[in-house]
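Summarising the annotation, Swiss-Prot assigns region 'Disordered' to 1-34. For 15-28, the entry in Swiss-Prot reads compositional bias 'Low complexity'. Annotation comment: Swiss-Prot describes 36-276 as domain 'ABC transporter', evidence class sequence analysis. Taken from Swiss-Prot, the feature ATP binding site covers GLY68, PRO69, SER70, GLY71, CYS72, GLY73, LYS74, SER75, and the record attributes it to sequence analysis.
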Amino acid sequence: MTENTAETADESSDGGVTATTGAATTTPTTPPEPVIRARDLDVFYGSERALESVDIDIPEQQVTAIIGPSGCGKSTFLRCINRMNDRIDAARIDGDLTLRGTNVYDAAVDPVALRRRVGMVFQEPNPFPKSIYDNVAYGLEIQDVEGDHDEIVEQSLRRAALWDEVSHQLDSSGVALSGGQQQRLCIARAIAPDPEVLLMDEPASALDPVATSQVEDLIEELAEEYTVVIVTHNMQQAARISDKTAVFLTGGKLVEFGDTDQIFENPEHQRVEEYITGKFG
């Protein structure tokens, strides 16, 4: 009779015997790859440097807030992700910025195809002078998105928490909606092509408190499906809705990045604490 012990013998591939213990081995977990990664990212407008040596890893299906004083490079960084800076003749981008491991500035990357993967919502609601339906369906048509467009439009409006308010008037003009409804329409338009990332540049700054609250609730819901990166001047908003916060300060430098609770409750850098507590900015 063979006695059971904590040590067992396994036959190796070369015929030998390898002793292994019965103790459980813990395999270190590898952190998931970030959706967006920047390394040594610099942006220049002519001779003026807008971003300097930015390193950041943005995680999947979380809300990452970008905060900092005016002119610190927040929106410039956001526009790098979907190459909106390409439209500025004097802009020059150095360094690496990857989306799921692919450098978005590689010559083989089509900016139009990139923007299908990376949707964007701007500061001011900007619905097209079209019907509510056509506002959402427009991106599907120009990007040749397959599938039932009626169904996609409805799903997008539902995800943007707008369907119940407009389902009876899809042929009405999008510009006739209230400001908050217009912004949610723009969000529906941005998510209709089913992007991986949703960029939001001060999406609630032009809205009243009620509409702002609706958009904030929506952002938290959208993070269950999308990676959301939001630029905001409203630090209370960043604290309420984001999982991660990046703090840019003068000169386009990313000074601190981490969990939002840690950034707001116990920042590592004095300048970050001074900015958050309103001593400058």
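Placed from the backbone N, Cα and C atoms, the Cβ positions cover glycine too.
Annotated features, which come from Swiss-Prot, shown on the structure.
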residue	record	Cβ contacts under 8 Å, 6 or more apart
SER70	ATP binding site	HIS233
GLY71	ATP binding site	THR250
CYS72	ATP binding site	PHE248, LEU249, THR250, GLY251, GLY252
GLY73	ATP binding site	VAL43, ALA50, LEU51, VAL54, PHE248, GLY252, LYS253
LYS74	ATP binding site	ILE66, ILE67, GLY68, VAL231, PHE248
SER75	ATP binding site	ASP201, VAL231
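Secondary structure at CYS72 (ATP binding site), as computed by DSSP, is coil. The ATP site is defined by GLY68, PRO69, SER70, GLY71, CYS72, GLY73, LYS74, SER75, and by the 8 Å test on Cβ atoms against their centroid, the other residues of the chain that qualify are THR76, PHE248, GLY252. For the binding-site residues GLY68, PRO69, counting C-beta atoms within 10 A of each C-beta gives the highest total at GLY68.
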